[in-house]
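The feature ATP binding site is assigned by Swiss-Prot to Gly30, Pro31, Asn32, Gly33, Phe34, Gly35, Lys36, Thr37, with sequence analysis given as support.
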Amino acid sequence: MYVRHLGLRDFRSWAHADLELGPGRTVFVGPNGFGKTNIIEALWYSATLGSHRVGTDAPLIRAGADRAVISTIVVNDGRECAVDLEIAAGRANKARLNRSPVRSTREVIGVLRAVLFAPEDLALVRGDPADRRRYLDDLATLRRPTIAGVRADYDKVLRQRTALLKSVSGARFRGDRGALDTLDVWDSRLAQHGAELMAARIDLVRLLAPEVEKAYQLLAPESRSAAIAYRASMDAFVAADDAAPDRVALEEGLLAALAARRDAELERGVCLVGPHRDDLELRLGDQPAKGFASHGESWSMAVALRLAAFALLRADGSEPVLLLDDVFAELDAARRTALARVAESAEQVLVTAAVLEDIPSGWDARKVHIDLRDSADGRVSAVQS
């Protein structure tokens, strides 16, 4: 798989761009702040419908514009597929697949399968559980695009149940049985959709675990062994290492946990149980990586998580595109060499770098120099001619 064409309209610092790409390695070179990362961000958005830098779409639209457009042509096994995404301010986003409108933007997920390495990856180890949940959910969705619908259904139920919790927090004292019966209905829906999302995550962690261990050993052979595990918000939940998750058991466990925590939830007006409270536990030896790993070990773990994702996507039978956003500058020589070795085997690698010296020596790569220019639209990014 590779991206043959990337078009941008009013995306971040790019008023207009049409980039012809191909298999092999392409390096986007330019000073920081000139718009290199925006290219990688656009490709990642096309793959996942989300940015790796911000949680909302508004910052993606260039100042003064009312929408941004990302257009890609992806080649997979000789077949071309065109995806156009319109990111709108204050209204629903739109998508077209092979120039035909689709009902939901989620229908384009899976056309471009990519793995992103970025400086923000350190948050996978040192950041909040939300960063690790997003890593799992993005990868699960790339492997099985229907997971996007599962995530959307769960998020919708979670919002509605949380709103109900806030509105009925005093119902048990007023004896309002009707309000509590309504909460029972939302408990059932949350457990149903939550169990489906948890099952997808747990199965993914089961497949990722040996790949993470192997990748970490490659990156840091002198360090402690690495391990990952799924940690649920349900008390006493332990995911089996070698068995597919039981969705029925997960649903029953969620219902029991919701019943046990209801008083606390009514007191606080928040949902305390469910996959939105779960975490991916990262361990080095017998210690958690967060808080105990050195800076180098943290980077090795973060890169190992991305390498494991690359291995899984490749094993699924479709070569993912590698997106490397200024990551070589963050790594020492050994980790840089290990990552470069993996990148050499990929069908397409798209890299950003502030200076060419950040790129591994001996790399045969096309160089695209990025500039920042004054125009009628203000200062905009441009490709040097």
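Using the three backbone atoms N, Cα and C, a Cβ is placed for every residue, glycine included.
Because the structure is a prediction, the values reported are computed rather than measured.
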Let's check the environment of Gly35 (ATP binding site): how many other CB atoms sit within 10 Å of its CB? 24
In chain order, residues whose C-beta lies under 8 angstroms from the C-beta of Thr37 (ATP binding site), counting only those at least six residues away in the same chain, are Arg53, Ala118, Asp325, Asp326, Thr352
Are there any residues at least 6 positions away along the chain from Phe34 (ATP binding site) with a Cβ closer than 8 Å to its Cβ? List them or say none. Ser13, Ile370, Asp371, Leu372, Ser381
Lys36 (ATP binding site) CB neighbourhood, other CB atoms within 10 A: 25
Counting other Cβ atoms within 10 Å of each residue's Cβ, which of the binding-site residues Gly30, Pro31 comes out lowest? Pro31
Ordered by sequence, the long-range same-chain Cβ contacts of Asn32 (ATP binding site) under 8 Å (at least 6 apart) are Ala354
Taking the recorded ATP site as Gly30, Pro31, Asn32, Gly33, Phe34, Gly35, Lys36, Thr37, identify the other residues of that chain whose CB atom sits within 8 Å of the mean position of the site's CB atoms, giving them in sequence order. Thr352, Ala354, Ile370, Leu372, Ser381
